[in-house]
Every structure is written in structure tokens, then in C-alpha cells.
């Protein structure tokens, strides 16, 4: 049965109708069918009166070759009759083949191997293959049934030596070299037991490898969690009961309150007192000594930063950090300097201070440095200390457990960790990478720059894009037969980035050495 270019059928193979071979896969058969169906469809051949019949014949072809059972019957009988390909005929044919050809199991293979090893058939096959390959034992083992070079080399050597002594075969140069090497190796005690042991050992090794990786990850997580607890809370050898927990909690709160009142508050108050004292001094600033109506110092006045900008910056910082008392003290000072600037009374007369301009510049830079010092000591340092001290070990543990349970949802896991004060997406990525390296890579600057072209954006949106790219690359590596998790890809990117940065330095150093030699 064949479908020619005009769509008619003749008595040829169904495979030839579709234009495929008899060993074609189902995917190849369906692909060939779709191409013919598009070409022979009646809607595209309205002028052809036989188009419908041709298309029906094509449907019959795919109904046979597209069904595994019908295809098997067709391959055996060559029949395309629907009655022969359906109903009891198929079932009877299947039973017939099952009766003729017994299903081979692993036990059957082991039984055949036990009967074959040491039999006359094995000796006969061994001598024939020895003669065929001229004593090249590596090729012999590739063709010999139920053979293993590690288990059967000594036994085969004894059989071949007996045949050589009997004059059945001749000792070749390749065989003599191989026999000498085998003689120096200790023979296995029990080949069959060794074979079973090797099989069990392979399964045991796989299970051991899986267990080892699981234990390694658990140990890594425990280490990471212990470091978090040691950093943000106190370690406990055993879990206390409710009474001990409440007592420890009250003691801890009292210690925190006393330590903050004794240590943090004096330092903080001292810095704030210094700030207020400095603000009062600014009211009698040196500007009061050189106030004048002249505006002749264009060159020098460009070097002088208006004082109200510095005063206003500190005033705004006090406002946004809720230091209301100090804000009220700094506000009039800021207004005072703004008034001087508005009336142009802050300008310097060259005739008065030309000799002292160097001192004036140093004084201004000293003021600026002192403002920066106050900004760090008064505003940010106490806030950061509060962030760190407020993190309790139970809070860290709870947030970490919720984050780990949220995996593989990276976004949810990061959000669970960022509820901790002072923890952003970058820090959260480090925690997740230690627990699940295959899913969540670390957000390193070097890898971010290689993957995304920017390493300074530490937002969650940027991290999710980074994770998606690394996971995609990880899947590609696994398809190619290599193992690689997202963290492995991140470490590879980090290494490439560091290597690329170090190459110019190595090149310059090598050039210097070359010049020295010249």
C-alpha cells in the first residue's frame, strides 16, 4: 500500500507511504503524517475529486502505524485489514508471542550466567574468540558473554594455557604480555560473590553519597544558624522551662536597660551636648567680625560655602530622626545664617582677610568635618546599635525557619528574612545560599556584574532576575551531563570576574619582568 505524489495507493509498505523507515519512531511517523495531511487535505485540493478518498487512506495509515499494537501486528503479518488489527486477533497474537518468547527477567539472566560460567560452551566460545582476535584479550572481553576482566582474567588464563599446552591454539605475543601482567595480580577469592558484592556496593555507594550530601547540607545549615544565634543572641545549652525563661527574660531586659543607661546614653548625650554647644558658638561666629557692605571678593567668596547650608543640613537630620529638642536649638541658628546669606552680609572683604584666607579655609573645613562627625555619632550609630541589639535569637530562628519552608519560592523566602532589622536581600541571599545552594545563589557583586551588568542594585527585583538567569544556566549544564547548581554557577561567575580583573595586573608584571631581562 503506497500513497504516491498524486495521493493514490498501490500495494507497497505503509512506511513508504509516509516516507519513513521501518525503524522510525512515533515522533517521526507523526511528523511525516502531518506534512502529508497538510498537502492532501480536501480543503486545499477542491479541484481533485479523489482528495477525500486520499485523505481517508492517509488516516488509515496513521491509525495503524500510530498505534503500537497495530503496528506490531502489521510488522509481523503485513496485513492492513481492520479485522486483522483489532479485537480478539490482536489479543490472541499478543498471547502467542508471549508464549513463544518468554519475558526475560533479572533472575533469568543470573541463572543463565551461573549455568554458562565454567561450562563447555564457555570454553568453546573462549577458544574461538581467542583465535579470532589473535590473543588480544581486551577485544576478547568485549565479545565474551558474562565476562568481567577483573573477575575472570585468571580463570580465562588457565583455560587458554591448557589449550596451548594441548596444541589447540598458539601463544601469541599479545597474549604473553597480557598473561605476564595477570600473573602479577592477586586473583579474586570468589568471583560470583564479588560480582554480587560489587552490585550491592554500587547501590550502597549511591545511598551513602545521597546521605552524605544531606548530612553536609544539614551541618552547613547548623553552622550558619549557630553563627546567627551567636551573633544576634545568647547560646543556650538546653531549653529552659517557662519559669526559667521568664526569669532570664526579666534579667536580660534589666541588663539591657541598665547597660543602655550607663553606656549608650552618656555617649549619646555627650555628643548631643557638644552639638548644642557648637550651635551656640555659631551665633558669635567669625562672620560677625568681618561683616561689611563691600562685595569686592568674587574670587575668594567662591571658596566659602554658605554657612546656612551646613546648619540647615544638621537641622533637617535632627528633624527626621525625631530629636525635637536639638532641632529647636538648631533652627534659629540656621535662620540666622540664612538671613546673613540673604542680605549678602556673609561676604569677605579682601582687604581685611587676604592674609587670613588660609586660616579661614581651614576653619571652614574643620566645621564641615565636625558636622560629619556629629551626623555619624548622633544620628546613625545609635540607630544601628539599636537594630543589632533588638534582634532576639528566637526572632532570628523563627524568621529563618519560615524562610526555609517557603523555598523554592525565592521571593517569599527573602521577604521572610528581611523582616529582621538590618537584613536586606543581599544578606538574605547569603542565608538562603547556605541552606539551599541549588536554588538560591549568593548575591555577590562580581557575579551580579557578570550576569546583569550592574552590581550596585541590591533590590529584591534585581535578585529575582539574577536567580532566574543562574537557574536557567544550571538546568542547561545538567542537560549537558554536568552537575551544577545555582550557587555553583555563581561561584564560577565570581571566579571568572576575579580572574579577568587580575589578568591586566599579571600582564603588566610580566611585561616589566621581560623588560628587566632585556
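Indices start at 1 and increase along the chain as displayed.
Glycine residues also receive a Cβ, built from the backbone N, Cα and C atoms like all the rest.
Taken from TrEMBL, the feature coiled coil covers 102-129. Summed and averaged per residue, pLDDT over the coiled coil (102-129) gives 84.
Residues or ranges marked as compositional bias 'Acidic residues' by TrEMBL: 236-245.
The domain 'J' annotation in TrEMBL covers 13-78. According to DSSP, the domain 'J' (13-78) comprises 48 helix, 0 strand, 18 coil.
Annotation comment: TrEMBL describes 232-263 (among others) as region 'Disordered'.
Residues or ranges marked as region 'Disordered' by TrEMBL: 498-518 (among others).
What TrEMBL records for 308-336 (among others) is transmembrane segment.
The transmembrane segment feature in TrEMBL is assigned to 368-385 (among others).
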Q.
Let me spell it out: take the coiled coil (102-129), skip the flanking residues so only those 6+ beyond its ends count, and list any with a Cβ under 8 Å from a Cβ in it.
A. 140, 143-146, 156, 159-160, 163, 168-169, 192
